[in-house]
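Working notes for the structure below.
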């Protein structure tokens, strides 16, 4: 084998160390390096697949950050342990992708500079990496299957850019591939055919890439209205009056909350069936902390602090940036009654949308009647009340005919009364369905939307409103993250493919 190029000889020793690459320098061997065996090739192929596998997991990890607060709440309800598990996810993913990169990048360098050198990655750690990523995907599929839909939606935001990145990455592989083909007789035809097929598929991939944000500027629908999920939970303790006022500051049009009814018949704001996550009930009533929220009377509930947990557990990173005044206000928050929330919403000209929980309670009909009584006595215009509960909906229509009814399902054929407003998880509606509902004058609210990329896709699709934890972020967006006319995207597609083809041809000519 010829001497390595000068540009590679200095750094090659360091790059080869992770792979225990040994060289025979004796003159009797005429500088022939150790031959790469099929075993070595198999392990390098496995290394490359693990690297791609880990890269895909990194993509998934970034996508599921939109919904990770739900996972944190789920873990707390199961284990009574609060931790921002998204940090654990990101750190673990960063370690895996860094380790895979440390292995794969020198390997590709060796394939060009030292094509006959066997590449032996640390096999046990490599297998462990593959198993960890496989376990992560398996757990995602079993416990959080709806995130597969989230990943599919994300391709509408990232598809054009992933295509460019994939073409660029595969183009760079032309150098080690050309080195392999020119210096190896076995399997080179098969490898070349596979590479060509992959490149052709990538070149034609935009034919299958669809995104609602590939449109002309004048076709962009109006910006979706913002619905504050339990208020503004990144800026104040959820389901408190402070959270409602912070939502108003974010230009939120609807305050979304959850209502329960106390043992003595007072509707109040609370999401969880237990009080342990968002109050100090364990300190005040330790022997009753595990009871359902509806088992407490209003006098007991008023003794609880509903804001100190927010400062202690820091459910969102934004808590660290609160001003001293906001911290003081948060620390003093109490559980608000529905009457207090309606009064605040009325003065702020804010609509209020709520669920009435728990739906399976034996006294649920009385809950409905008590809640309606509070609404009617509050004096709030009924069109500002958005009713979500399905139970006893007909009774609600009779007692409060002005209330707006929001349905947590899609419309069905031959309905007696047409559905005008729907409230669904963002994973449950496609862009085509959103456009069709918009054409039929059906208001669509999707939840929970926190990331700008997701908000951009839904904006381009024409959704009416979104429920969000991050109202302070989405408020500042005056335009989707990207918007491309179809002619511009077509031009980018053709230029990228042509440049890639020229580089590949140049690589094969140069390596020969």
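Sequential numbering from 1, following the chain as shown.
Every residue, even glycine, has its Cβ placed from backbone N, Cα and C.
Because TrEMBL annotations are produced automatically, they should be read as predictions rather than curated entries.
Check TrEMBL against the ranges 162-182, 225-245 and you find transmembrane segment recorded for 162-182. Looking at 124-142, 143-161, 257-275, the range tied to transmembrane segment in TrEMBL is 124-142. Between the transmembrane segment (85-104) and the stretches 41-65, 124-142, 162-182, 189-209, 490-511, Cβ pairs under 8 Å are most numerous for 41-65. Among the stretches 124-142, 162-182, 189-209, 490-511, the one making the largest number of Cβ pairs under 8 Å with the transmembrane segment (41-65) is 124-142. The stretch in 124-142, 162-182, 490-511 that contributes the largest number of Cβ pairs under 8 Å to the transmembrane segment (189-209) is 162-182. Averaged across the domain 'GP-PDE' (224-478), pLDDT for the predicted model comes to 96.
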